[in-house]
Amino acid sequence: MLRTSTPNLCGGLHCRAPWLSSGILCLCLIFLLGQVGLLQGHPQCLDYGPPFQPPLHLEFCSDYESFGCCDQHKDRRIAARYWDIMEYFDLKRHELCGDYIKDILCQECSPYAAHLYDAENTQTPLRNLPGLCSDYCSAFHSNCHSAISLLTNDRGLQESHGRDGTRFCHLLDLPDKDYCFPNVLRNDYLNRHLGMVAQDPQGCLQLCLSEVANGLRNPVSMVHAGDGTHRFFVAEQVGVVWVYLPDGSRLEQPFLDLKNIVLTTPWIGDERGFLGLAFHPKFRHNRKFYIYYSCLDKKKVEKIRISEMKVSRADPNKADLKSERVILEIEEPASNHNGGQLLFGLDGYMYIFTGDGGQAGDPFGLFGNAQNKSSLLGKVLRIDVNRAGSHGKRYRVPSDNPFVSEPGAHPAIYAYGIRNMWRCAVDRGDPITRQGRGRIFCGDVGQNRFEEVDLILKGGNYGWRAKEGFACYDKKLCHNASLDDVLPIYAYGHAVGKSVTGGYVYRGCESPNLNGLYIFGDFMSGRLMALQEDRKNKKWKKQDLCLGSTTSCAFPGLISTHSKFIISFAEDEAGELYFLATSYPSAYAPRGSIYKFVDPSRRAPPGKCKYKPVPVRTKSKRIPFRPLAKTVLDLLKEQSEKAARKSSSATLASGPAQGLSEKGSSKKLASPTSSKNTLRGPGTKKKARVGPHVRQGKRRKSLKSHSGRMRPSAEQKRAGRSLP
């Protein structure tokens, strides 16, 4: 869908896509884009990014101040060029041609600028005048043909304008008449939903992705330190944490390596391992972070451990292994439903999310662990890690925890009735109004029928094992009048997916259309979904998220596919949203990738989302990021080359003589080649054993399981979330 400049313009406006973050550049894809045919148009600017809403009033090209491709600086440049041209005209010609010239110059601001300048059709010359509809062009040529030489230095257009208006207008014709000016302004279909997130006929929101990391072994968590460095830390289930820098590179040496302590296995579905990571809100000052992992104690008893650690004073990208201080250990009666989320609330307290202890149906005791307030399993715990407690505890229980005065209840409990919440997040709140700030969202994995999304409330009972989603699971407990459970904000059946992965409310800068959407997914089905709250009735509406077509995602660096198994979601320090997924969910298989969400329909105004990371010294070698996923442009190139080979083969087959030159020599078709790349993850020494816009006239050159897991036993197969 895109086209760059010819080589002499490399490094100019159209060789880069500055709207893409993390240094993703469109590096003069002359050959590639020269192979791509005409595609259906979509809103796109001449820098190949989506249009935007200008932050300030446009004084000159005011038709596009609500939505388009110009900010105030570009608007002023266009106005200056207009007045330079108008100096050549007397008053009569000024009145006759002024509007035409303004209209033509301002098409650079149109949300369809790339189409008006035919910047997408790489098989036709790139224009330096926009495509004009025939009637408008004829009127312009008839009244103002002397202005053409002032608008363009293209020889073909300059030669044609003095002779024949028909020829001139033919040169400015567009293949698709809907996109010529001024028709493009009158087309209801093209303008009805302009600037909104694109939807397919089924109402599925169309987004695109950018690959930012790969070769990871079941990446279960990606977090930032909140210290202004804009690094992100990616934890693998096996127990290794890697540092990624703002330029997209990864440090060769891991931030933390606990492989020798973390309990996990290579078999698919093992939920144990390194499961959670959170940085202290005052990390910049105290260097503290917290981890959640599975382990064996000295007696070989399986436990989950929450520890405090510090970053090395000698290297800000290395943890001090000697600094580990165990905060809490909880014995696990089974090997699944291990929970794993750690986060800090706006109150500064740490929230810990534990699973119900495992097996199917929470069979422990009369009403299970989740409903038992004397057990720490199946709970949301809230503790103060800044102060020590009584009896040698390395944390203090906040005095306003809901059950501190209830006999028999553990005082650290904040909420209960939880099966196995997998991935929770704190809402940053609306960037302007702060609405929603501090809410905690979680995805709770279901048993046999339903997956659910919950809002965590103080003292809330989330129903398990009495209920699963909105439905009864244990009928006796379900009909107990004292249950008084908090219902999910959304639940879905197993026809949609069998293992929910909780996400985030988008509060970033780069994709303003997504603000307020809670984006989450399902591990087993690989589906991406979004919830949006109706502020009037407080109900949540669900919409599916689809990865856009070759039309909507044909931007530099964007892809429209992802690995199936969605393990986790993440938010960077700027608030942009990502998800972590793998094609083979084994803790030892380096098949995991990280993807960033991109809205192709609208971006933030240029410069709004820029930030300057706090410098961080690095001792370890930086490994540049090399994407493995094929971009939409890669796929379009392949399709075009395949069609060209097929056409050439058909031509040769229809008559051998046609394939010979006058000298009788034959032309050979180049055969495509392929290469195999061994996927090697960071720190992996061995491959894991895993299963089956130039001047006118120039051209530009299955895994299946029940309840989200593959399990070694029938009972476990019916129990909890698939990895981790």
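Our numbering is plain: 1 for the first residue shown, then up by one each step along the chain.
Yeah, the Cβs are placed from backbone N, Cα and C, and that goes for glycine too.
Look at Swiss-Prot and you will find 683-709 tagged as compositional bias 'Basic residues'.
Within the same chain, the residues at least 6 positions away from C546 (disulfide bond) whose Cβ sits under 8 Å from its Cβ are D200, C204, L205, Q206, L207, L528, listed in sequence order. Residues or ranges marked as disulfide bond in Swiss-Prot (evidence: similarity to another entry): C204-C546 (among others).
Annotation for C208 (disulfide bond): spatial neighbours L547, G548, S552, C553, F555, L558, I559, S560, F597, V598, D599, P600, V632, criterion Cβ-Cβ under 8 Å with sequence separation of six or more. According to Swiss-Prot, the disulfide bond annotation covers C208-C553 (among others).
Every protein chain considered, the tally of other Cβ atoms within 10 Å of the Cβ of C424 (disulfide bond) stands at 24. The feature disulfide bond is assigned by Swiss-Prot to C424-C442 (among others).
Positions annotated as disulfide bond by Swiss-Prot: C509-C609 (among others). In the three-state DSSP assignment, the secondary structure recorded for C609 (disulfide bond) is coil.
Its Cβ placed at the centre, N480 (N-linked glycosylation site) has 14 other Cβ atoms within 10 Å. Swiss-Prot lists N480 with the feature N-linked glycosylation site.
According to Swiss-Prot, the region 'Disordered' annotation covers 643-724.
As annotated by Swiss-Prot, signal peptide applies to 1-41, with the evidence given as sequence analysis.
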For C546 (disulfide bond), what is the secondary structure state per DSSP, taken as helix, strand or coil?
strand
Among C204, C442, the most crowded of the disulfide-bonded residues [Cβ within 10 Å]:
C442
Under a criterion of Cβ-Cβ distance under 8 Å and sequence separation of at least 6, what residues of the same chain contact C509 (disulfide bond)?
P431, A574, G575, E576, A604, K608, C609
Other CB atoms within 10 A, centred on C553 (disulfide bond):
25
In angstrom units, rounded to an integer, how far apart are the Cα atoms of C424 (disulfide bond) and N480 (N-linked glycosylation site)?
28
